[in-house]
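If you check TrEMBL, you get these features:
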type: DOMAIN; residues: 184-486; note: domain 'Phosphofructokinase'
type: BINDING; residues: 191, 255, 256, 280, 281, 282, 283; note: ATP binding site
type: BINDING; residues: 281; note: Mg(2+) binding site
type: SITE; residues: 282; note: site 'Important for substrate specificity'
type: BINDING; residues: 309, 310, 311, 354, 355, 356, 410, 462, 463, 464, 465; note: substrate binding site
type: ACT_SITE; residues: 311; note: active site, proton acceptor
């Protein structure tokens with residue numbers, strides 16, 4: 001069976017080269033979406049066992065989209081039923097119908113954290129802090145009147161309003177695990193991200209409030225399930241009390257790992273029946289494969305994901321934890337580049353920020369700083385040379401302003417660099433350093449023009465990843481950690497938790513990993529960034 005390390009890089013992005021509004025399949029919806037065209041992206045050729053979940057999700061969506069008959073007067077209700085079915089969240093009773101439901105032990109009015117469950121479980125019927133299983137959160141909140149509206153996503157050419165509801169997150173009145181029988185495990189996978197320790201902390205604290213006393217951390221991601229030299233780390237409120245004051249991960253991170261079958265074998269051997277997985281698209285693909293294997297074996301294990309990607313490229317969600325901190329920390333790098341450029345004769349500052357497939361950090365950091373003259377992201381193609389190229393505009397800035405600041409996302413401009421087949425341990429293509437490339441091309445261009453310049457290049461990537469979460473991310477991490485535990489106790493598995501239109505919701509993992517979320521070049525946010533930088537179209 002293929003290793004979890006291969007379960008991470010598969011997605012299909014359908015797009016068109018023309019700039020007109022065109023009917024294209026949007027794989028996050030079971031519909032045809034009327035959307036502005038984007039540059040095409042090539043799917044990865046590496047398709048492993050665990051990554052098939054993405055392929056399946058995309059194929060199911062394509063099938064549903066093509067089967068919608070817009071001439072059918074009932075198409076809206078059929079679409080809504082189809083959407084509800086796709087976004088239904090798996091429950092342990094799907095494969096274990098005899099699983100017993102008991103009154104929740106999570107009740108903030110009834111007991112102290114040290115009270116044991118003697119003589120039954122405490123309850124308080126007058127406490128109204130529970131979420132009803134039928135509560136829903138609206139996925140889309142803008143009703144577009146025309147497909148030509150900025151950022152419009154429409155089901156049909158008339159942009160008809162169709163309701164799309166997903167499950168609200170939070171504690172349920174009935175739970176499917178007895179706290180004294182729970183052994184919960186937490187793992188952190190992929191790269192570092194501000195807020196990892198905050199999420200770990202609140203998963204542990206919330207588990208203890210439910211009454212769980214057997215909580216462990218699996219060191220160094222999925223690798224910890226197979227490496228005999230790595231032992232479980234016992235976790236408690238005392239252990240995690242102050243870990244949020246530091247960056248990094250208490251448990252350590254790594255990429256790759258053993259096969260799905262080996263991981264589930266390890267879960268059974270260790271007696272783990274709740275698994276909390278903190279990671280990005282690839283980690284979630286692995287988590288979903290673990291969930292599927294547990295269902296196949298009909299073992300009572302709740303697998304719950306918490307989306308961790310500093311790039312903010314998880315579908316449907318307002319943002320993922322670490323993103324706000326990254327944007328805030330990037331201000332320091334951009335301001336340093338501005339001071340260097342502004343203080344030098346013909347100074348140019350180049351800042352490279354994170355963003356393999358999506359330019360959210362570069363876009364929002366540029367918008368927040370007000371000091372960036374050119375922002376380059378993977379979603380928006382550009383020329384370097386020529387009458388409409390970046391370098392020509394840079395020359396104009398030097399002539400008129402005397403200095404300039406460029407902010408680039410790491411995935412931007414890869415078409416200018418030599419392609420390699422190198423992959424990291426997660427299966428991601430190793431990107432070329434476009435920041436260094438544009439620095440070199442800038443020097444070469446101005447030397448040919450006999451114009452003296454002073455270029456400073458700043459790459460703050462690892463400084464940003466390692467910091468502690470700011471206040472905004474700290475709140476987000478707190479609520480995500482709490483809701484992950486609520487979801488597990490409610491019996492849900494194969495789900496992830498996120499913030500959607502300012503509300504917290506549960507989503508089935510396949511729906512959030514079908515492909516990376518990206519910046520829409522016709523969105524209002526990108527337009528705001530262009531208004532701030534004043535940059536022209538570089539094509």
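Counting begins at 1 with the first residue displayed.
For all residues, glycine too, the Cβ spot is worked out from N, Cα and C.
Sequence features, as recorded in TrEMBL, placed on the structure.
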residue : record                 : Cβ contacts under 8 Å, 6 or more apart
191     : ATP binding site       : 253, 255, 310, 465
280     : ATP binding site       : 189, 190, 307, 308, 309, 311, 313, 314
355     : substrate binding site : 311, 361, 362, 377, 378, 409, 410, 411, 412
463     : substrate binding site : 329, 333
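By the criterion of other Cβ atoms within 10 Å of the residue's own Cβ, the least surrounded of the binding-site residues 311, 410 is 410.
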